[in-house]
Amino acid sequence: MKKKKYWIIGGIILIVLIVIAVWKSQNTDDSKPVLSEEAKVRNIIEKVSANGKIQPEKSVDISPEVPGEIIELPINEGQKVKKGDLLAKINPDIYIAAVNRAEASLNSSLANAANSRARLEQAKARLINTENIYNRQKKLFDDGVISQQEFDQTKADYDIAVAEKNAAQESLQAANFNAKSAEASVKEARDNLERTTIKAPIDGTVAGLQVEEGERVVGTAQMSGTKMMLVADLTEMEVNVEVNESDIVRVKLGDEAEIEVDAYTNRTFKGVVTEISNASSESAASNGSQLTVFEVKVRILRDSYSDLVDQENPHLSPFRPGMNASVEIFTDKAEDVLAVPIQAVTVRPDSSTEVRKTYELKLDEVDEDKLRECVFLIEEGKAVKKFVETGIQDNKFIEIKSGLEEGQTVITGPYSLISKELTDGDAVSTKSKMEVYKKEE
């Protein structure tokens, strides 16, 4: 009986020792806990995201070209107008008076020009007559018939006639210049009078009406002038977005886009890129620095919001100028390609001689020309570095053109480990997210 008791006690002790040994082995595991995922064939759509505001595709700011008091304003906010319709009329009284003064000045200039022309004709006639007398007297003087004194008098009369003709010609030329100047003044005065009538330059809808009848406005000849209203074609709307310089090279005319408008939650609209600016501008980043951006215009396709259009007022868009919108431009697409999570791809020196120990690796000290993209596989509990060639990417996955095969397991996290610390041959073990990030803490 005692012998049996000893065997039982010995068995219990043995089990306890085994448990302790297993516990110790688990707690002395020096492998790095990682997340992993298999490389799979996927469809990838590359996108460029940007935010902006909705604006009419075609719109014209209306400002008066001449100053004055508004005496007619026959339109209202939101009213549909046709090209040539009256938008506003400025008091024309002072411009009518200016036309009358300019026309009177023109008539006076024309009369002066006519008088100068008549005087020139008279001077020409006198010159012809004096020249004939001079020629006869010269012949008589050469023949010794008349005296030197008589010939000199004839010569003086001829010189005076030439001078009078030249003076009359210059007077006519000056009178013609004055007449042309007066004609230009008349044209300017008439144009200004015509500008007191402000008409719609395009078919569209009145938006942003900022003036009232009786208000005085400043013309564009004086600074920027008073902005009276906007006439916009609201049947075609677009989103003006700013795209970062690092992304603009991927955006092309005709690229399709998805648009989300803050005013219409849980709704996506379709769009197409219609214009890409060639000139850059500066935009403030969230950290206070300046970003170089390019303006891109994305038309909102009417078919994608036709159900929102008021059938009684089809010229009015469900979107209003100034609404906020976010845009995703589809810049490229790859179907049935091998892909891995973006965070699995990192860079390492392209030379075995530059491999450093785990905590000595400083990628910022390595020449960029010697860095290549790579992933780390898991093979027999070890991290194995594999250089790869990548293609396009979406928000989650990146295309692998070469270097991997479908089904191979790549390390996907933690990113701090992959990007800086992990080296070829490190012991690793796949864990859950909770275990990985708990151990990191």
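Glycine is no exception: its Cβ is also placed from the backbone N, Cα and C atoms.
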Feature coiled coil in TrEMBL, mapped to one of the ranges 106-140, 211-245, 246-280: 106-140
Annotated coiled coil segment (source TrEMBL; candidates 144-171, 172-199, 368-395): 172-199
Secondary structure composition of the domain 'Multidrug resistance protein MdtA-like alpha-helical hairpin' (114-194) [DSSP: H/G/I, E/B, coil]: 76 helix, 0 strand, 5 coil
